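Enquirer: My structure is below; once you've seen it, I'll send some questions.
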């Protein structure tokens, strides 16, 4: 006896030495036979054609360690055959793969396949090397359990009932693994859910692509129409979505008569099932399009104009339709050197001089839409805010505009002329609310005097009576 074993097939040659010519005179040699499948280490001789005598069909033979053949004796023979190892040992239970009980309804089976196929689809699990295998197992399990004929055979015989070496099931068309492309089955089943509460087929299978768009502060605040290049799956322009090469024709599926469904007769039962030849399309593409490879869709570069709504914020995502697909666009808004944003309100700083802060006046400020003349009230303090109503950003989820808040910043000069220093020293002499000291001034109460050692003493004396008149006016303004 000799045996050759592969992962799924076992090839066995069993025999005894051929009878000598003298001993075998008048003895008819066996014509051969067929060894059928049996589990473990048992072989079952189903039929040996001629010369079996009283040893009828299905006589049991046992393979024991030591490569010895024992059991029912028969005429010398040599028989070589191959048989498939039991698929039930190599395959998981289809019900366990889909996570449904054995009495599950077709609706429950389809729903389970829907949810698991979404979870394990290779496009959404690119980092998982086992996702493709799991996805194929789901397709195989669903193909069997969704067909009542195949399901009955599976319940009766298990996976071995579908093997080509086993004819007891009465069906020999199933060959292990899904007979249709798992992707096609996925599209077909998910297409049936397009109007169901489980979601939209296109939103599940073709996940919307995400893009990042850079915007300036003003573009985000005012809105803009911006051109953008996207790569998106759309109808193949070469074959117009038909899948076949232009100038060629698709063949009518003779297996199902173009209906996409085939009829299976199993005794008293007549079942309708998806055509295994064309996958339910009703036609067969013999010359697929060289661009889309028969899918009818191909990735294309498209230049689209995206209307950016006024008031979008940094990190905000919007959904945009592009052809028959949708894309997600996330905005990245650059910081402005002038404005700071708080919702629909904007903030900016306005620098004014000491004289403007004390005496008041006007100043020009940069607004979001135009240059604004701001009225400065006398005596304004640093960091005090001036509110410009309705000069902010449009409210994206409601009506109206935000406000523009101007923060006052008083610019203190780092250098003074002699005249300016004398004026400030004279003003400091009359200050009454100073805590501490002022450089160059000995007393800061009314009637105080400046330090003789100060750099401005000589200049003040040289200034004469004209300066005294100006200082008197300035003091009256400051102390009034």
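Yeah, the Cβs are placed from backbone N, Cα and C, and that goes for glycine too.
I grabbed these lines from Swiss-Prot:
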type	residues	note
BINDING	236, 239, 289, 292	Zn(2+) 1 binding site
BINDING	253, 256, 275, 278	Zn(2+) 2 binding site
COMPBIAS	439-456	compositional bias 'Polar residues'
MOD_RES	58	omega-N-methylarginine
MOD_RES	238	omega-N-methylarginine
MOD_RES	293	omega-N-methylarginine
MOD_RES	398	phosphoserine
REPEAT	236-243	repeat 'CXXCXGXG motif'
REPEAT	253-260	repeat 'CXXCXGXG motif'
REPEAT	275-282	repeat 'CXXCXGXG motif'
REPEAT	289-296	repeat 'CXXCXGXG motif'
ZN_FING	223-301	zinc finger
Enquirer: Express the distance between the Cα positions of residue 293 (omega-N-methylarginine) and residue 236 (Zn(2+) 1 binding site) as a whole number of Å.
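Expert: Distance between the two Cα atoms comes out at 10 Å.
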Enquirer: So which binding-site residues out of 253, 256, 275, 292 end up within 10 angstroms of residue 238 (omega-N-methylarginine), measuring C-alpha to C-alpha?
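Expert: So the list is 292.
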Enquirer: For a three-state summary based on DSSP, what are the helix, strand and coil counts in the repeat 'CXXCXGXG motif' (289-296)?
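Expert: So the repeat 'CXXCXGXG motif' (289-296) is made up of 0 helix, 0 strand, 8 coil.
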Enquirer: Averaged over the repeat 'CXXCXGXG motif' (289-296), what pLDDT does the prediction give?
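Expert: 82, rounded to a whole number.
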Enquirer: Which listed stretch (236-243, 253-260, 289-296) has the most C-beta pairs under 8 A with the repeat 'CXXCXGXG motif' (275-282)?
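Expert: Stretch with the highest Cβ contact count: 253-260.
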Enquirer: So which recorded positions are near residue 292 (Zn(2+) 1 binding site), with CA atoms within 10 Å, out of 253, 256, 275, 278, 398?
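Expert: The recorded positions passing the 10 Å Cα test: none.
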Enquirer: Count the other Cβ atoms sitting within 10 Å of the Cβ of residue 293 (omega-N-methylarginine), across every protein chain shown.
Expert: 12
Enquirer: Within a 10 Å radius of its Cβ, which of these recorded positions (256, 278, 289, 292, 398) has the fewest neighbouring Cβ atoms?
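Expert: Relative to the other recorded positions in 256, 278, 289, 292, 398, 398 has the fewest Cβ atoms within 10 Å.
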